[in-house]
Each structure stands twice: as C-alpha cells, then as structure tokens.
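Accompanying notes for the structure given below.
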Amino acid sequence: MQGHVTDQQTRLSEALKRRAAEEGFNPVGIARIPGSPRLQLRTKALQRWLDHGHQADMAWMAAPRRRDPRLLLDGANSVLAVGLNYYVDAQPSPGSLKVARYGWGRDYHRVVDQRLRRIGRWLSEQRPDCGWRACVDATPLLDKAWAEEAGLGWIGKHSNLIHPERGSWMVIGHLLTTEPLNADPPARSLCGRCSACIDACPTHAIREPFVVDARRCLAFHTIENREDDLPENIRAALGSWVAGCDICQDVCPWNHRSLPQSNDPDMQPRPWLLNLHKEEIQTWDDSVWEQKLRGSALRRIKPWMWRRNAAAAQPDPTPTL
C-alpha cells in the first residue's frame, strides 16, 4: 500500500512541476515541510538579523508566521517553489537614470500570483480534498530559504537566490499545499570565496556574507524610505539609481555567463524606463505617475518619492566619442 501511495506522489509531483513549467516557470522544485536542518538555520539567522535591526522600518519582516508555513496554511505538507526569469539584454540609454531590472516589466507580484493560482486550481482538479495557498514575496514566508530547500538555487552572499545556469535575475513564488509530495534535493552553495558583491556595494550594506543591512541599502532607501530626505550617506552613494539597485547582482560572476533571456511578454521592459531623465521625473504629478506606472511593481514608490530620489541621483556621464 505504501508503495502505491509513493507512486501516486511521484506521478503527482512530476505532473505538478510540468504544470508549473507550462506557466513559464523555470526552475521549479518541491520541498517538504518542515524542511531540512539548514532551513531551521535560516530561520535562526532571520532572528539574528532582526535582533540587529537590519530590517530598518520593515516591521513586517518580524511576522511570526514567517517562521512556519503551517501557520499560513493549516496542514501544509509541501512547498512548490518556482522561479521566473526577468533577464533581458538591454541597458539604459546614456545619461539616463537607472531602475532595477525587476521593475522593468509588469508587476511580478501579480504575474506570479495569477500563475500560481492557476496551478493551484489545476491541483484541486487532481486532488479535490487538498488545500493550497499561493505565496509571493508579500506573504510572510522565508521565500528564498524555501526556494533553496526546493533546489531552485542557493542564497548568495548578497542574499539573492542564484541558479547555476540562470544567475540571480529571477523572481520567485511558492504554492503551499496539504498534499504530500516528493521533495527535490536542496541546492548547494557555490559562492566559494568570492566577495564581489560585498566589495562592490557602495554603502557597505552587505555587513558580512549573507547579511544585508537595509539601513545602508540603496534599494531600501529608494523604495521603502518614507522620509522627506534621503540620508546623506545614501545621497552620496546613490549615483544614477532612482528605483532600486542592481550593483550586487551586476558584479556577480554567475551573472556574467551567457544567460537565457526572458521572452515572457510580462517581463519585457517598458521603453520609457530605459530612457528616464532627472528633469522629467521632477515634473511628475500624480496623474503622470498613475499613467506611467499602472500595473508596475514600482508603484510602491510614490510620486513624491520619485521626485526626491531623482533630485539626489546623478546620471552617469554620457560617453564621448
């Protein structure tokens, strides 16, 4: 009887991953709850990070439910982890301000959530009695740790997930389910002695490997800081970044390989984001902001914050011939 159940689990597990691939997710993997001992170490590391105040004003990071997926879905047994590539081989035009790549396309929260829900409905058709919950990064879940547990990649020293063939340019999501599924092997860290991301951070926000202090992070300050003015040390280091920051990913050797480009329509850049200028942003009012950022994750940055960030940013010099 046990063998029969295991065969059923295997077939369902493989079918579920194929269904996720049909939604454009790659890589995909499965982890069993409560996870391996390494997952428990990640949970303890989160508490140390919180104890040191590295979360800055992001109080939601301390949500107790983040420590146990079963607090998000009663009876949860398994986690389907998925990655969605957003890498497009494009660069901002000379003299323009920079926006983090994840924000170039459609709001990934909506994209990933909608696709996960379709997978969840498919799962309900296969197992009518099972429960499930779609989770994107707004959900209190140790999302990168569970993605690592499911074999999608390892957490790099810059705290982003790295896949050996796809680099770190991917957003992730999870489908919690009460269905017992077959787990994939956890990913193994391949950062070795590399310190490129630590060395490149202009504000030394990566305090030590795997520990990012949001209080020093350009991405945090351009997206989450609700103060009228940015701190002086952030203004001095901002450079041309106006929404997020990709420096630690740009220098990562795993992103210097020949990476597959996303042909997903939802991940393609809005052209104006690659030709964004200081003077233009400083004239934005609410209506312009609404028109430009409809359906974008960058709506997290309110109009006055765009103007504040643009005032502090300095475009890279235009190359001369």
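From the backbone N, Cα and C atoms, a Cβ is placed for every residue, glycine too.
The [4Fe-4S] cluster 1 site in Swiss-Prot is built from Cys191, Cys194, Cys197 plus one of Cys135, Cys245, Cys252, namely Cys252. Neighbours of the [4Fe-4S] cluster 1 site: apart from Cys191, Cys194, Cys197, Cys252, residues of the same chain with C-beta atoms within 8 angstroms of the site's C-beta centroid are Gly156, Lys157, His158, Ile162, Ser195, Ala196, Ile198, Cys248, Val251, Pro253, Trp254. In the structure shown, the C-beta of Cys197 has more C-beta neighbours within 10 angstroms than that of any other entry among the binding-site residues Cys194, Cys197, Cys201. Within 10 Å of Cys197 ([4Fe-4S] cluster 1 binding site), as judged by C-alpha distances, the recorded positions found are Cys248; the full candidate list was Asp137, Cys217, Cys245, Cys248. Compute the center of the Cβ atoms of Cys201, Cys217, Cys245, Cys248, which mark the site for [4Fe-4S] cluster 2; besides them, the chain residues with Cβ within 8 Å of that center are His158, Cys197, Pro202, Thr203, Ala205, Ile206, Val212, Leu218, Ala219, Ile247. In this model, the domain '4Fe-4S ferredoxin-type' (179-211) carries an average pLDDT of 97. Counted with DSSP, the domain '4Fe-4S ferredoxin-type' (179-211) comes out as 5 helix, 4 strand, 24 coil.
Candidate recorded positions: Asp137, Cys201, Cys217. Nearest to Cys252 ([4Fe-4S] cluster 1 binding site) by Cα distance: Cys201.
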